[in-house]
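Peer 1: Sharing a structure, written as structure tokens. Questions coming.
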Amino acid sequence: MKLTFLGAGAWGTALASHAAATNDVVLWGRDPAQLGAIAATHENAAYLPGVKLSARLAVQADFELAVAHAADDPDGIVVVATPVAGLREMTRRLAARSARPVSMLWLCKGFEAGTHLLPHQMVRAELDAAGRTEGFAYGVLSGPSFAREVAQGLPCALTVAGTEPSLADRAQAAFHHHAMRIYGSDDLTGVEVGGAVKNVLAIATGASDGLGLGLNARAALVTRGLAEMTRLGLALGGRVETFMGLAGVGDLILTATGDLSRNRKVGQQLASGQSLEQVLAGLGHVAEGVRCAQAVAELAATHGIEMPIARAVCAVLFDGLSAADAVAQLLQRDARDE
């Protein structure tokens, strides 16, 4: 199968390298020099230093040629591996092509700043505006996965949710091999809400661990955080079983407890007394939990949903509340039934 990956960050590169073992894969990025280095060394030194990539992975600096590689193949898939903020641009560029409709998957997790739209709602809006909804199949690939481990060939399991069963089938054919398992779903909303909210909750568990509050506190935050994720997801149209699966509790556990998690690191460093500006400056890469914390808090308020952990994270990030005071406020909440 022909696959094109748009975005040469850690996750796009890792998944492209995995897919290249059994597929014809092209990787596109905005920096031609970076792509040249990947081709020459089989390493993405900027995002996955020290990890050897598949020698079968090809790179292409020309956007149109890269897209045509997969889009002109009836079974091909274009995989958008940008953050949420770049998804609209990629969709517009794909919709602007005069050629046949594209099958596309995205890897980003979060809500759009300002609109609070989920990724599939953003994509649908762009396709509607371009008059290109006919024939376009699209969906999301999500679940518990650190890019470095995927690039190293370590086992993982992911969920694909799309607008058409055929897209999920093709995604399974492309990625379900070696150490990776792919499970299908038709709950686009649930899969995307799980991927967005878990990043916010991971900041909370990172802060708790940074304050030295122990494993009991971490388990409580993960469990009660899952309840918050589920409440919001159901209000937005997701299904409860999705939040009990890989895209929900699975991704939450990994991101909240794994030391490769950028969002967890944000919480740990905030707990140490660093400002948000200092934390982000030192991080070097995107932490989507920071970007979507405000959206989660505002969506909860709009729908009348109780999400005290997510609200506390938002207050620490943007309102000057210290991590220690946020924990104190959570502990002072009235007793209630689970």
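Glycine too: its Cβ is placed from the backbone N, Cα and C atoms.
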Peer 1: Quick check: of D187, D251, which does Swiss-Prot put in the same sn-glycerol 3-phosphate site as K109, G143, S145, K198, S261, R262, N263?
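Peer 2: When Swiss-Prot describes the sn-glycerol 3-phosphate site, the candidate it includes is D251.
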Peer 1: Per Swiss-Prot, what member of A68, A71, A147, A326 joins W11, R30, K109, R262, V286, E288 in binding NADPH at one site?
Peer 2: A147
Peer 1: Fewest neighbouring Cβ atoms within 10 Å: which of the recorded positions R30, K109, K198, R262?
Peer 2: R30
Peer 1: On a simple 10 Å Cβ count over all chains shown, which one of the binding-site residues D251, E288 is most densely packed?
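Peer 2: Sorting the candidates by Cβ neighbours within 10 Å, the top entry is D251.
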Peer 1: Around G143 (sn-glycerol 3-phosphate binding site), how many other C-beta atoms are within 10 angstroms of its C-beta?
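Peer 2: Around the Cβ of G143 (sn-glycerol 3-phosphate binding site), 23 other Cβ atoms lie within 10 Å.
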Peer 1: Please determine which of the binding-site residues listed here (A147, V286) has the lowest count of neighbouring CB atoms within 10 Å.
Peer 2: V286
